[in-house]
Amino acid sequence: MKVPRYFSIYIIFFGFDAGTVAAIEISEDDIAGDQNVLSLHSSSEQEHNIELQYIQRNNITKIVKDKNLQALNTTALSLTFGIKQQGLAVNGWIDGTVRNYLREKSSVKKLETYWLPNGRGGGHKGLHSSCNNLKAQVTRGVHLKKGSLIPADGIYVAGESLQVDGELKSTIVDETNPFLFYGSRVINGNGSMIVTSVGVDMVWGEMMSQAVALPANKCKFAACFDKMNIYIQISGILIGILINTSLFMASVTTIFTDKLGGLMENEHEIDMFLVGEELISESSQVASPDLLEGSINEQCKILNKYGIGGNPFEENSGLIMEKIGYDGRSLHLHYKGPPLEILSLCSKYYDSEGNIHAIDVQKRSKFENVIRYYLVELEMVAFACIQIVNESDDASVLEANSLTLLGMIALKYTKKEEIKKAVLTLKEGGIRTVLASGDDVAVLQTIGEKCGLISPNSDDLVLTAEEYRAWNDEQKKDRVGKIRIIGNCLPSDKIDLVKFLKETGEVVAVLGQQTLDAPALKVADIGVTFGSWSSEVARECSGISIFHGDFSFLVHVIEKGKGFHENTRKFTQLQLIFTVSSLLINFIATVLWGDAPLTTIQLIWLNLVLVFVGGLAVLTGQPIGMLMDIVPIKSYRRLITKAMYRNIFIQALYQTIVLLTLQCKGQSIFGTSDAIVKSMIYKGFCLCQFFNIFIAREHKSKNIFKGLFQKNGWFFVALVLFVLFQAAFFVAEKFLGGTPFLNCKLFGVCLLIGLVSWLLDSFGKFISSLIARWAANLASG
């Protein structure tokens, strides 16, 4: 078909600020025009290099800002100019009315957004993905040839015998049916088109948007399966987190702790109460009973407070209280904090009778000596007050050191025996506890002795941070493992200690609760915070937060971690024996005789049963003996121990030899058929795995029944399930696969094959103990 001389198209660019209308003419005679447009053409057809280009873009007019009126005006202009150029032919109304009817405003905005800015850099990404045989050039028309994909929605301009597949109405495209849609392919002829829509504005995009918006209609079974899958994934994530936490704690070799939140919990009880120079007991009478008449809440009202919530052993805090008494309204400033600091702010003190006395030099020295004496073992808080005139007088009163000392209380920490037991238990398990605090070394040493942190006649080091900083790096590496107490410790010192311990191969856990502990918690292998009193920053930097626990609870966590790790080893041994023996049996039998005695279905079923039942039996088992006697897991540096290698080798070798012998000589020995022999091989193999569940309970000890009846109910449940599952499979094999049943004699032979596994296990462990004893005697002699 001959291309018309002039073909006018008018597109409204609503994205322009001026709201102008661009009139675009396409001419066959003006091919060498503007270069800022996009064309797609076949690289094999040079005559179609640039067939259609934009020649000029003339601004028609600036019309009213109303966009609906703008669209109507543009339609009218397009219709008029089209009829003038083409007459009343079909092309006139196509070029005018239909053009605006198709996409109105959004079409050219998308054309400018998706084609022009992106096209200059090598073409629109979406076009290349659907037009692999087309090459991007700089023009706005799209030339189509046989085999081309329609890259977007558009209008047919010109061509010869253009036919496409996948059209909504007809495969013939001409002036009467000028619409082209994305996704169709040219099956005959060639032609040119102008793009009207891309992306979600295409017909295909609208249909896909509607399809995506529809709810996913799954069958009930599929929906239940998807929900179960989600629950399984969530459970797997939670179990994985629990496993990682347990294994981390099981590998700890050194624990760093501060005085508070670690060895000394934030639970106190009053040990002594000092008023003046007198030690108050339960039978003592303080002041006059008249002072206690009435409710404090009725007599007093708090007006202002500051510093409340901090550590009273380290920080001062106070409040201003309004008291309403018989003599009217009065204001009182009450102050509490470390006793030496509060004493320095006082010039008077109350005695037990309520009388006020001046604090002279001799009295002050006596009070200081008493405070220092009790601070060695106890924590103390002092209380003071003064009557003021205005709320703003608190600063001047403190500067004048004119407070009156009310009294002091000495607090002792609870759970000392539990913490001491925990420290000793950790020490027996090869885990060192290091007390690092900013307090004085003398105070920390007293705590360490009471908690069992320091062993008598040992090379444990007790030093200050200043002494530690004086060491060079080599000295730090050599001596850092001997440090038990370090006083006057800064946060940077804790970080340095953790760093050097990690360099020596230690797995370090840091216990902290203050914001200053956050860097050390972050650097450590495991950061642990206790209780809700830990700061938010410390909890964020820690790996484990235990809200309801103390230092002794840490022993429980480590024990559980070690127990889980031991159970994991048991399960690993059980699975490896099954895997190695089944591979050897089938491989050797296939190589020698060309026939594998164990089928794929049998191995898959037995593996599933062994994973579920075996895991239930050994992973839920209670620890045998004291777990804290086990050396920290990190020192093993491997999951499979030498004892496990021995057990795996003996059992796998035994099963392979016996069952291959049965495969080779079974028919002649028992005078039976090949099907019966294969049935015996599978049942004997199953029974070997059944008895190996018992063997997996104990790697080293010859007594595999040790602790079997001690809170181990899940083990017996697993054994019953194993028997039921395998019995069901034997029946299914009989009726579905034709596998014959065994008589009592042959089944007894299979049972005997399984029982021999126990004898070989005991024999192997006995030989190993003899070799170990001989090697020890040889080394000592």
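Quick reminder: no glycine exception, Cβ is built from N, Cα and C everywhere.
Automatic prediction, not curation, is the source of TrEMBL annotations.
Listed features, source TrEMBL:
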SIGNAL    1-23  signal peptide
TRANSMEM  230-256  transmembrane segment
TRANSMEM  574-593  transmembrane segment
DOMAIN    596-767  domain 'Cation-transporting P-type ATPase C-terminal'
TRANSMEM  605-631  transmembrane segment
TRANSMEM  643-663  transmembrane segment
TRANSMEM  675-694  transmembrane segment
TRANSMEM  714-732  transmembrane segment
TRANSMEM  738-760  transmembrane segment
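Panel annotation: around the transmembrane segment (675-694), residues 574, 577-578, 581-582, 585, 597-598, 602, 606, 610, 613-614, 617-618, 651, 655, 658-659, 662-663, 666-667, 704-705, 718-719, 722-723, 726, 730, 738-742, 746-747, 749-751, 753-755, 757-758 of the same chain, lying at least six beyond its termini, place a Cβ under 8 Å from a Cβ of the stretch.
Remote same-chain partners of the transmembrane segment (643-663), defined as residues 6 or more beyond its termini with a Cβ less than 8 Å from a stretch Cβ, comprise 569, 572-573, 576-577, 580-581, 584-585, 588-589, 593, 597, 677-678, 680-681, 684-685, 688, 692, 695, 699-700, 753, 756-757, 760-761, 764-765, 768.
Looking only at the domain 'Cation-transporting P-type ATPase C-terminal' (596-767), the predicted model's pLDDT averages out at 88. Counting only same-chain residues 6+ beyond the ends of the transmembrane segment (230-256), those with a CB under 8 A from a CB of the stretch are 426, 430-434, 436, 481, 494, 497-498, 501, 506-511, 520, 524-526, 543-544, 554, 557-558, 560-562, 564-565, 632-635.
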